[in-house]
Amino acid sequence: MFPLQRGRRLRVNESIRSLVRETSLSPADFMFPMFITEGENYQSEIPSMPGIFRRSIDLTVKEVKEIYALGIRAVNIYVKVDESLKDNTGKEAWNPNGLMQQAIKAIKTACPEMIVMPDVALDPYSIYGHDGIIENGDIANDATNEALVKMAVSHAQAGADFVAPSDMMDGRVLRLRQGLDAAGFPNVGIMSYSAKYASAFYGPFRDALDSAPREADVEVPKDKKTYQMDYANRIEAVKEALMDVEEGADMVMVKPGIAYLDIVREVKNAVNVPVTVFHVSGEYAMIKAASERGWLDHDKIMMEQLMCIKRAGASLISTYFAKEAAILLKK
Ligand code: PBG
């Protein structure tokens, strides 16, 4: 009660504030999402994501070594494959010599300590831009799961430490766990995108991979709402996360980040595994755009958002700001 209690005593100067600070950030809190493309010594900046590039494997490896030196210990990797390799089965996804498999091998060879988490979902390989196989105008859940198992096993064979299913099919974590175990990979972990919402914040990512749902000659859903979650829902996120843990997920994820911090805390309180948060492409783009105009202070907003995601309950944050934030934290 005032005047016995004066909250401002704990805010008098930076020293006292640092003593009572409840949350801290370090580069090991971050995972860096990286886009990989064919070619050599090639990179192209994604127009809606200034500072983020699609890179050939050789340049990706160079960047991985740099961010490792900055203290970042995990990368999420996504590939942009040639249109000619896309079909409705997604079979390029488990080509042992595919772009993803080559990238995993190259990164693990050059930087063995970096935890490599390839994305497991069919959208970069789907002629329809969906995270699954289309049958009769819908995504065929169980057939998609079998494709995802083949994909994940091929990632494990290439040396992946974790696989990261981002597709939202029902039961895929269980099938991935069983498939990895049966193939002799009991120690390859699963980071499941458990509460992934059907969000407009993924726009720039879909530009990066050319993976947005598209018009087709057959009937296909125009968006991802039959598998990604309705952003009006909270309880359902807890259900999804608990089911994934039961099915063998080592970590669960909430995605997107900033607009979903209530979900992060809810899931954090419900599960006993690390919760990761994906601070997604649209969130990155908004900060870049506003700060380019001088409307927001880029570095301050970046650090505030990352700290708030951590405070909400994230053990790990997948963020396109990983490198910039790690550099700032070193200063
Ligand atoms: C697709 C996938 C998406 C993202 C990660 N994996 C996009 C989507 O669901 O359409 C989005 C990441 C981001 O926006 O940064 N499996």
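A Cβ is built for glycine as well, from the same backbone N, Cα and C atoms used for every other residue.
Taken verbatim from TrEMBL:
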type	residues	note
ACT_SITE	LYS196	active site, schiff-base intermediate with substrate
ACT_SITE	LYS255	active site, schiff-base intermediate with substrate
BINDING	GLU240	Mg(2+) binding site
For LYS255 (active site, schiff-base intermediate with substrate), which residues of its chain lie six or more apart in sequence with Cβ-Cβ distance below 8 Å? TYR193, ALA195, LYS196, TYR197, SER199, VAL277, PHE278, VAL280
By the 10 Å Cβ-neighbour count, the most surrounded of the recorded positions LYS196, GLU240 is LYS196
Quick check: in three-state DSSP terms, what is LYS255 (active site, schiff-base intermediate with substrate)? strand
